[in-house]
Amino acid sequence: MTVRNILVTSALPYANGSIHLGHLVEYIQTDIWVRFQKMQGHTVYYVCADDAHGTPIMLRAEREGISPEALIARVYTEHLRDFTGFHIAFDQYYSTHSDETRYYAEDIYQKLKAAGLIAIRSIEQLYDPVKNLFLPDRFVKGECPKCGAVDQYGDSCEACGAAYTPTELKNPYSAISGATPIRKASEHFFFKLSDPRCSDFLRKWTRSGNHLQVEAANKMAEWLGEEGENKLSDWDISRDAPYFGFEIPGETDKYFYVWLDAPIGYMGSFKKLCTEQGIDFDQYWKKGATTELYHFIGKDILYFHALFWPAMLENAGYRTPTQIFAHGFLTVNGEKMSKSRGTFITAESYLQQRLNPEWLRYYYAAKLNGSMEDIDLNLEDFVTRVNADLVGKYINIASRCAGFISKCFDGKLVAGEDYQLLQQTVDEYFSSWQPGVIEAAYEARDFSAAIRHIMKRTDEVNELIHVLAPWEIAKDETRERELHRACSLGIQMFYLLSCYLKPVLPYTAERIEHFLNWMALGWPRQQAGQPLSTMLLPAGHTINTYQHLITRIDPKQIAALTEANRQTMTTSNDTHSLTRHAEAQQRVIAPIAETISIEDFSKIDLRIARILDAQHVPGADKLLQLTLDIGSEQRSVFAGIKSAYDPEQLKGRLTVMVANLAPRKMKFGLSEGMVLAASGESGGPFLLAPDSGAQPGMRVK
């Protein structure tokens, strides 16, 4: 086996708020993948850090009457506590407010400047004359210039959905001091992303080398534009004092924008680890490095990681990521997390309610498939699945067999001829097991496929134990050897299943290692042509007394959790603008279209359609060709959803189409209708999907 050298990162949580269950999707996903790779025997380092700079941190510290350094130190402790509670095993968890990150931020900036990729331009912004600072968009409020609604933010109106700049607001005021802002010009520093050296590199990098998922690469193609055009804009990388961050070298009262030094925090954190453990930093970061570098991120920050970041690294003489893995958002009970419903759940509250963190790790693993699709935490399904899969199926194997081994056989599994008979049973009954399928699913981050395969094998073990019925055999003293074989078989298969689940359930795996009296659950390796039985525990192996491993979820615990968060959040008055992502990506709602009559609407024939096939369209950057079943016939439709969907993931899905739209002749063929999808400034397209029970051909009314 070739040993791989791998560096893995998760996106840096902002040092201005609590970790919640939405954040944990990414850290659990990354941790599972890292643990799997380490079980393969590879050299893997997993680093992360608090994203500790920016205006929101500076202002919050001021409100609390403490220094920004004191604030980020406190939040760092809270974040690390929560991550540890969910068994996230970083090799290094650091802060961007560090000497290491400062060094690499300045180094990259100086190299970009020397390459002629830094430009200085004067821009006009709103300025708070009381606080003496320039106001980010979301720190300005006023009257909407379109509809006149009051108390609207500086970038968009929540009443009519209009988008605008802060300088267009009527009667603007500072959301910090209440003062009327003035217009003031200032010199800002820009990374010239539009330079052909960047745009040409990114066009090639995003489309080659499997650096991005298909959906992500398609989205990058949209942002880059068609061949021959350049839709990229230069990136403002500076902020004016007062600001909490790193000063730009050689400048006065100019600071690096938080999004410049945030990804550089990956380098700073790893450098800290290198210093502590004697690791060669250049082996992982120099241009041309043969080691592997993977970034796990949310799809909302794809723009920064797949455009700005690789362009900066390439032009500053560093290596670029091997791959960037983007995941979707978390919904709870099918809806956005809500403070009023108590579903905006913090990691701290989950742990304080004494819920097992591995329940959530398992549920997320069962949902994550390596794509950018959103995942839903359905709390009722959460209870059902954990209780049925983990307790009712998996743990049940050990609990039904271990007692007999300890009580009747002094903790020893079968040996000699009975061990050979056990091996024969394993190879005959479990011939369909495919350990390689589980391994491939973990490697591809398709944890849901891995869990499905493991649970199918778990069902097979339970079926055999049910047939053997050791609890019945135990009633007949003449069948002692048969009882010993049956229970030993259960324990042996429980051992294998535990090895496969160890990346997901690391704490339970440690307890199982004690129970099985086995130093460490390693990844079972089945050599080519070798039967499954060669991966079992040794003949005559002695186990320890069984102690209960995982308890069931009581639905009352979930009710208490949501109630605790509802009560906590109703007393919280944190402003919207305290998160970095509020600066990075704002939601703009399009205005409602002109009113139509019911007669006009009734002319539209909307039908449920099943996607029978989905294919790329040669020569089209944005289109997929869909073959739709609408009950009475099939239709071919061209849909502009290529940037968001892999064709293979669409097959079999239900959607909604306009069935009576006149066919449209396109250069790629005839489009016989239109599928419905949602999109906006914050993302999309998102294909509409009907509720379960809908059938192809049904009319939507």
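In case you wondered, yes, glycine gets a Cβ from its N, Cα and C as well.
According to Swiss-Prot, the features are:
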type: MOTIF; residues: 13-23; note: motif ''HIGH' region'
type: BINDING; residues: Cys144, Cys147, Cys157, Cys160; note: Zn(2+) binding site
type: MOTIF; residues: 336-340; note: motif ''KMSKS' region'
type: BINDING; residues: Lys339; note: ATP binding site
type: DOMAIN; residues: 600-701; note: domain 'tRNA-binding'
Cβ atoms near Cys160 (Zn(2+) binding site) (within 10 Å, other residues, all chains): 16
If you count Cβ atoms within 10 Å of each one, which of the binding-site residues Cys157, Lys339 comes out on top? Cys157
Going by DSSP, is Cys144 (Zn(2+) binding site) sitting in a helix, a strand, or coil? coil
Per DSSP, how many helix, strand and coil residues does the domain 'tRNA-binding' (600-701) have? 7 helix, 47 strand, 48 coil
Counting only residues at least 6 beyond its ends, the same-chain positions whose CB falls under 8 A of a CB in the motif ''HIGH' region' (13-23) are 48, 50-52, 54, 56-57, 60, 71-72, 75-76, 78-79, 82-83, 95, 329-330, 332, 337, 344-348, 350, 360, 377, 574, 578-581
Relative to the mean position of the Cβ atoms of Cys144, Cys147, Cys157, Cys160, the recorded Zn(2+) site, which additional same-chain residues have Cβ within 8 Å? Pro145, Lys146, Gly148, Ala149, Gln152, Glu158, Ala159, Gly161, Ala162
Taking DSSP as the reference, which of helix, strand or coil describes Lys339 (ATP binding site)? coil
